[in-house]
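As written in TrEMBL, here are the features:
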DOMAIN    34-154  domain 'Piezo transmembrane helical unit'
DOMAIN    291-528  domain 'Piezo THU9 and anchor'
DOMAIN    643-817  domain 'Piezo non-specific cation channel cap'
REGION    158-180  region 'Disordered'
TRANSMEM  14-32  transmembrane segment
TRANSMEM  39-66  transmembrane segment
TRANSMEM  78-96  transmembrane segment
TRANSMEM  293-316  transmembrane segment
TRANSMEM  336-355  transmembrane segment
TRANSMEM  364-386  transmembrane segment
TRANSMEM  398-418  transmembrane segment
TRANSMEM  430-446  transmembrane segment
TRANSMEM  466-485  transmembrane segment
TRANSMEM  506-530  transmembrane segment
TRANSMEM  730-753  transmembrane segment
Amino acid sequence: RMFHDDELEESEKFYVGQPRVLLLIYALYNTLVARSEMVCYFVIILNHMISASMITLVLPILIFLWAMLSVPRPSKRFWMTAIVYTEVAIVIKYFFQFGFFPWNKHVDYTKDKPYHPPNIIGIEKKEGYVHYDLVQLLALFFHRSILKCHGLWDEDEKVDSSSNKEDTDDELSLTGGRRDSSASLKSVNLAASVESIHVHFPEQQTAIRRKSSSSISQLSHRSSFSSHRSKRGKYIFKNINHTTLSLYILQCKLCAVKSHCGLCCFRTLQVYVPIRQFFYNLIHPDYSAVTDVYVLMFLADTVDFIIIVFGFWAFGKHSAAADITSSLSEDQVPEAFLVMVLIQFGTMVVDRALYLKKTVMGKVIFQVILVFGIHFWMFFILPGVTERKFSQNTVAQLWYFVKCVYFGLSAYQIRCGYPTRVLGNFLTKSYNYVNLFLFQGFRLVPFLTELRAVMDWVWTDTTLSLSSWICVEDIYAHIFILKCWRESEKRYPQPRGQKKKKVVKYGMGGMIIVLLICIVWFPLLFMSLIKSVAGITNKPLDVSITITLGGYQPIFTMSAQQNQLKSLDPNEFNDFLRSYRGNTAALQFLEGYAREDITRADLEGNSNSLWTISPPSRKKMIQGLLDFDADFTVVLSWTIQRTLEEVYPYYIKAPSDSLAKPIKQLLKGMSPDCGKQSMWENITVSLVKNGSEEGAREWWVLNQLGKRQKTPQDSLELFIFSDKVSPPSLGFLAGYGIMGLYASVVLVIGKFVREFFSGISHSIMFEELPNVDRILKLCTDIFLVRETGELELEEDLYAKLIFLYRSPETMIKWTREKT
């Protein structure tokens, strides 16, 4: 060993011998120290999510557009800005907590208003107004102590002193020494120890010479300042003495006097040039650690997409109780859902285009637009749409947090640069079962494979036509699947001459058998269980009875509502079941209904409408009733009360649709020859006439003879059996019915299953390939030469691939096992 220390070894042994809980605490603390920068970011974003005000909005934007884009890490200036800004924010919030401010006198009334000015600014009076700011300040000071401990706090403020060297004449560069500027303005970036400032002056051959120890300051035709990169990528400039600085400032003031807007331009350039320099250095780095985090960005966007689909109600007005499945089943597309989905999908397409074009400048512009746009929409537009504060919208907070993860990944991608080569799908990097099933699932998503292929063809330099491109992609996907199967066969070899193990046969085969049986019987199981297990009782709200003799005006109209619709108590229900003991058909029918599914309707015997028949029709109806050969089964006289036999159905079934019908199983004895008691009840019909000064008024009165609930007044009694209905979330599927499910589910799935079991002989040539490594390498070579710009070679390799699939003999030679 090069270095040996007994005390260090003893310390290591002591550390290893500690309890595991203590070691875990040590590990968590070390992780916290190593990622203290990310802890600060998290606390700042969390504070903004909780507070959601203009005061807390500044630091998250600075994180995504300054801190995370800094190479190699955020500068001291950023952390000092964050610390000072947090301290000032705490003081401002404390100052506005006093009760003498007008808006603090009605806090309970204005605390939930999203557009109340104090709420937007963040100076409203509330409990715990400064808790998260104090945690944020604590995290910033903790990170500051970590940087100081490792000597990284002042590293970008070091100055390369060169006062003892010879005077040198170097050109001033607007780009910090990387390139000569062709603009009409030049810039000098002074060291931070003097006071970091950019001085601009018109294009003149102004001569400045440094003052040596034995001479005074003189002018020369060229400046004597140069800049270079430090080891960590920061620019360090040479010292400028105060005399030289005074000369520059004096000359700038002279130039400003010449014009009224000179001073304003000078101040503007002081802010503009450093920002421009920062982004210029970001887009044109001297060195870049190329990385590829597009997959993680895509996953973050996908999570946001899922949040929008299942929580779209949080982004719309008056839609807190909305359900996307019920809305879509009613052919209604909520506007909030549509806008959110289109925006999210559009950003994913743009991000894919930038990734394929590998343009860092476009990604920077897209990042700036997206950061400002998302923050403006989430914290200024969305609260007005939803009429509630962002801090009260949990779904929107979750969406914003995932979007912040995306912003962080995008900043890391910009800082490191795009990869020079994009080869294939990220799921095709390994050949195992996980990648195989994920890739197969990726290809099963409707239109996703086609959309990806077309986008790749549009934004990738290639000489292939769209059809040829799709052909290569399909061959590559097919070969990748075969490669995964061949690798699995190598990992789990099957010796020759041995029968398949029962684990494989009953595992794979049994699973397929169960799956096929479930698909075949799925509609029956679904329709049976959806109402018996997950069904919801659908009690009637209104029961109406209308009786008409022949084709004349109805003689009786009555409805039962609210209190007239009653449920059976347990004793009444048990007595009802005992009354059908021995009646097998009735008991079989009653098996499908519980006590809460039965409703007893009590209808008043007096008709709720006057009998307004015309005199001719009345006369004709009387003549028909007096005619014994007419179709009327009972002869009645309008002055005589007669009995209508077996015309009133005591039990009515109310199915899920609108068609109600009598229950034949309970109405036994449907024909006189049956010999059993008939449950079709008899009713009495009488016409009541009331004379008054206005004239005679007539209405019909009906009374049921065999009522279970004995009442003295004339009335009708009706039992309604209500079928359970499917839950609203599954109503769109249950609405198809059994035959609809068979046609839409079983037959469609059966078509795909049949394709798997038939037509295999036509694909033997392309499926049974022992070794696909050479074909796979040919496909990756096509991707590689395309990325390197060798388009002629791309055409040659594509022609070779097509010839290989056209020639069976060549395919056999290419796919033989290597010897």
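Cβ coordinates come from backbone N, Cα and C, glycine included.
Just so you know, TrEMBL annotations are computer predictions that nobody has curated.
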If we call contact 3 or more Cβ pairs under 8 Å (sequence gap 6 or more), are the transmembrane segment (39-66) and the transmembrane segment (293-316) touching?
no
What stretch in 78-96, 336-355, 364-386, 398-418, 430-446 has the biggest tally of Cβ pairs under 8 Å against the transmembrane segment (293-316)?
336-355
Out of 78-96, 364-386, 430-446, which stretch has the largest tally of CB pairs under 8 angstroms to the transmembrane segment (336-355)?
364-386
Pop the mean pLDDT for the domain 'Piezo non-specific cation channel cap' (643-817) in here, whole number is fine.
73
When secondary structure is assigned with DSSP, how many helix, strand and coil residues does the domain 'Piezo transmembrane helical unit' (34-154) contain?
82 helix, 0 strand, 39 coil
